[in-house]
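J.: One structure, pasted below without further comment.
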Amino acid sequence: MTTLTVKLGERSYPIFIQPSLLSQGNKLADYIKTDKAVLVTNDLVDPLYSQTIIASLPDIKIDKIVIADGEQHKNLASFEHVITQLLNMSAARDTTLIALGGGVIGDLTGFVAASFQRGMPFIQIPTTLLSQVDSSVGGKTAVNHPLGKNMIGAFYQPKAVFIDTKTLQTLPAKEFSAGMAEVIKYGIIYDKAFFEWLEQNTAQLIAQDVDALQYAIARCCEIKAEIVAIDERESGLRALLNLGHTFGHAIEAEQGYGNWLHGEAVAAGMVLAAKAGQMKGWMQTEEVQRVIALIEAFALPITPPTDMGYDTFMQHMVHDKKVQAGKLNYIIPKAIGEAIVTPELDETLLKNLLN
Ligand SMILES: NC(=O)c1ccc[n+]([C@@H]2O[C@H](COP(=O)([O-])OP(=O)(O)OC[C@H]3O[C@@H](n4cnc5c(N)ncnc54)[C@H](O)[C@@H]3O)[C@@H](O)[C@H]2O)c1
């Protein structure tokens, strides 16, 4: 078992990473302070893992709320639905919410936890690669608005994160690849040695080798925990985690949420960011090629949809949360292992990049 800590003073919390962790309820019970908890999941994950968790917590009464699967349900209607169910179940401020599923369930449940009676404890049990390496750690919670992704949300930290790497065995290959986009992201923005390790361990990761997965997930969580401890509210360093996301969110919004997976959109977005870095004279051509090759090795897209050009991208990007003082900020790699936040992409460069 790997145990990491997100260090945020009295809001610090552990991340536990281990295959088959879900069947070992003892540790989970330590983080549920009353004899009642509510499990929030979706109709795809529910039959796969809910029962294992419920059976591992014999002394705790677990109610369950099941949402329909899909990014299109990460919205205010689902938020209201969960709140109504909690009220019907007579949930109280000290009832613990357990988010079981991918980033959609984690983000929605976290936002409910932040809001219900002004805040209740919650635990993240992420079951997709993306949520295990990224969304379950760091306390960003949100739902989407028709005009923009993650437009309604809060920073609200969980009490603990339980990562059972074995849950990835049931994940469709396409979803696994999408998660790899976020894994690669950490190498590009922060850790050249990890990027090189990924280049050398591509086959092992695709085969879901237990040790390779454990190492990759732990390294990503370690990097995320380090960044969040320094900059919880994204006033600086944390913004680097959005590499590929400004372009990616535009792709997701234009194509309709769920048609391009989040990780796929981020993958194409990271290639655009790397090419922008090259156009600025920062990234070496050879490094851009390595970024593209690694992304492609995990069967991820390396170009945006053909029907999207400068105008379409800009229409969506003006709603981006990284707009500050009227200026859009971009996360651009300077080299593998190092990235910066910059408003300095002029119109000519963007037109060359996106058209
Ligand atoms: N909060 C953050 O910091 C943060 C960071 C990155 C992404 N996100 C958000 O995360 C979301 C994407 O997360 P995601 O990629 O996990 O998507 P998701 O939650 O939609 O999960 C992807 C699919 O896999 C299914 N699934 C989940 N676990 C499974 C398992 N073990 N076996 C089989 N199927 C399984 C889900 O039901 C779904 O169909 C987006 O909404 C994105 O905005 C949030």
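Note that Cβ sites are derived from N, Cα and C of the backbone, with glycine treated the same way.
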J.: Suppose a student reads TrEMBL and sees His245, His262 listed for Zn(2+). Which of Glu182, Glu338, Glu344, Glu347 should they find annotated at that same site?
T.: Glu182
J.: Are there residues of the same chain, six or more positions away from His262 (Zn(2+) binding site), whose CB falls under 8 angstroms from its CB, and which are they?
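T.: Listed in sequence order, they are Glu71, Gly103, Leu130, Ala178, Gly248, Glu252.
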J.: Taking the binding-site residues Gln72, Thr128, His245, His262, which residues show a Cβ-atom distance to ligand 1 below 6 Å?
T.: Thr128, His262
J.: Around the recorded Zn(2+) site, report the further residues of that chain (criterion: Cβ within 8 Å of the mean position of the Cβ atoms of Glu182, His245, His262; site residues excluded), sequence-ordered.
T.: Leu130, Asp134, Ala181, Lys185, Gly244, Gly248, Gly263, Ala265, Val266, Gly269
J.: For the domain '3-dehydroquinate synthase C-terminal' (179-323), DSSP counts of helix, strand and coil?
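T.: Split into helix, strand and coil, the domain '3-dehydroquinate synthase C-terminal' (179-323) gives 103 helix, 3 strand, 39 coil.
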